[in-house]
Amino acid sequence: MYTERAEWLNKTVKHMWPFICQFIEKLFRETIEPAVRGANTHLSTFSFTKVDVGQQPLRINGVKVYTENVDKRQIILDLQISFVGNCEIDLEIKRYFCRAGVQSIQIHGTMRVILEPLIGDMPLVGALSVFFLRKPLIEINWTGLTNLLDIPGLNGLSDTIILDIISNYLVLPNRITVPLVSEVQIAQLRFPIPKGVLRIHFIEAQDLQGKDTYLKGLVKGKSDPYGIIRVGNQIFQSKVIKENLSPKWNEVYEALVYEHPGQELEIELFDEDPDKDDFLGSLMIDLIEVEKERLLDEWFALDEVPRGKLHLKLEWLTLMPNASNLDKVLTDIRADKDQANDGLSSSLLILYLDSARNLPSGKKINSNPNPLVQMSVGHKAQESKIRYKTNEPVWEENFTFFIHNPKRQDLEVEVKDEQHQCSLGHLKIPLSQLLTSDDMTMNQRFQLSNSGPNSTLKMKIALRVLHLEKQERSPDHQHSAQVKRPSVSKEGRKISVRSQMSASPGSGDSSTAPCTPVIGSGDKPGGEERAQPVEASPQGPRDLGRSSSSLQAVATCSPSHVSVKEPTPSIASDISLPIATQELRQRLRQLENGTTLGQSPLGQIQLTIRHSSQRNKLVVVVHSCRNLIAFSEDGSDPYVRVYLLPDKRRSGRRKTHVSKRTLNPVFDQSFDFSVSLPEVQRRTLDVAVKNSGGFLSKDKGLLGKVLVGLASEELAKGWTQWYDLTEDGTRPHVVT
């Protein structure tokens, strides 16, 4: 397979460009504009005043046609595209008298086009699917961006974060599918089954470069290495191992693979530094090789650096449509005995959310709701897009959940009215029902509970067991995964890792695959990092989870929408900023409304704090909260975030799980910080209680803070106390 020039295709695109521009303008006005308006109350007056993509058409620099390792009923093309356009896209937000725009856009990347299924009747192709295998390079020349980012709800964003959100929307598994024949023939495209699941054991490295220096560079030191792991737009980040050139991470991640011809596992190692992280090497492994071998356990030499090697164990898990191997899989991952809902996955739940019928009106009689659907399995939750002013919404969205043990886990689904934050109906489906269904699939209209008499939700759900097939090999068989050499040196990278990692789009299209950093008991996990949907989405990232893990065991991080979490100060996700404090004070004034609030108007939090001299660590146990304020009529969805000041890097952040719809959550989660007793007595514990919400969501906010000084001589013994929550944490009151 080689790349060919296709000037005839560029001539065709040039001729079609005016019509392509018409489609783009329609997309902006009919799809993007209402989605932005609904994302946040501050953006309700958002509109595009002009959409002109320019006269310069997109250019296709080369075409590669795949002829090996592809289904006979499909054609796969990779198009190397470039777009350098002097466009004019103007927008305004009337409420804030804000105007901004885009003067030029550059996009460079490889776009995959799949023609499938091939059929024996005209037009010979059933549908067209388009997506990027990896993030394209995007550069945008903005006008008035600073004005835009001053608006409440957008502060905390940056040019880099916005670009990352846009590019993640374009990356697999997000795709555009255009049907060319009847719905029956393309039903399989609306319910894409991943080709497989890649389980990545990120074990250890050896002989890394020492990047840290002392005495102005005269003395070479060690490094603080961590890894960034990518499969498509699923991104994971390991924990940082301090001052070690042969670090042992022993972490496990699971990622969905939808397309393996041309898709790679990409790994980069960095040395964490306060200013700019230094590059320690990279690696690219062709996933076709992993699929062939099924199991690889090898040391790989790192590229782009003079020395260093990385130890990986890679497992290609096949999706089986029956439960014949389930008991063995459960035993292998130790899910047959434990009662946890998190850990290594035994199966994958694939969900196609089609539509709903006859939804109730919600709070206002004879008014149509703005319905969205929230789905959860255990602690993992995902959310659909919002459909406006309708009681018969059509979503046509795909979701996936990694499942630890389907024999005792349930899929919970709730339809909500986004406008009034009330429930329109819900249902619970035990996953064990799928184990006895034909092809482990259910495709039907489900009757909603606590809804209208004829309110139904149409979904197709399927369960697939993740099975590691063993290859029959001769005794003298030798293998080594094909390592792809990078085409661009690290000096030539146009997008720095820093810029990629500063984004927290926490979301993206709802079809984004869940990623599962698996956390073990070796280091007590600092809670679950959970990416929230943007409007449902990349993403989410669906959120690159920094995990503290050991191979022995298990807890899961980051459902669907992945965004990279970097070891630098939190920007988009840390809402303990002045605007959050102001909004909380305003909410307090609304609650007071002429009455006298009690001694603890924001509620209280119970903490245990002690220093372990044996482990040389500060141990913080977040027990529970009481009497929190409500963000909606359903209460709040609180979680707790902890920093040990002055360190506010991502690596220093600890988070509990989210407790749904309660003002008195119980967490009982323990976190630790590696710090000596003399050092910790000069520092302050920053504890914030927050309401979980999607990126740009109006229901995301601060519930209260407390700052705890650690200078006490009793720290070695420890204490358990209730603390009053305040707007900014500066006036803590201890409740004995």
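Keep in mind that glycine also has a Cβ here, set from the backbone N, Cα and C atoms.
Residues annotated as compositional bias 'Polar residues' in TrEMBL: 497-514 (among others).
Among the features that TrEMBL reports, compositional bias 'Polar residues' is placed at 546-561 (among others).
Look at TrEMBL and you will find 2-181 tagged as domain 'SMP-LTD'.
If you look up TrEMBL, you'll see 180-300 (among others) marked as domain 'C2'. With DSSP classes pooled into helix, strand and coil, the tally for the domain 'C2' (180-300) is 11 helix, 59 strand, 51 coil.
Look at TrEMBL and you will find 325-450 (among others) tagged as domain 'C2'. Taking H, G and I as helix, E and B as strand and the rest as coil, DSSP gives the domain 'C2' (325-450) the counts 14 helix, 57 strand, 55 coil.
Across the domain 'C2' (601-723), DSSP assigns 11 helix, 64 strand, 48 coil. Taken from TrEMBL, the feature domain 'C2' covers 601-723 (among others).
TrEMBL lists 471-569 with the feature region 'Disordered'.
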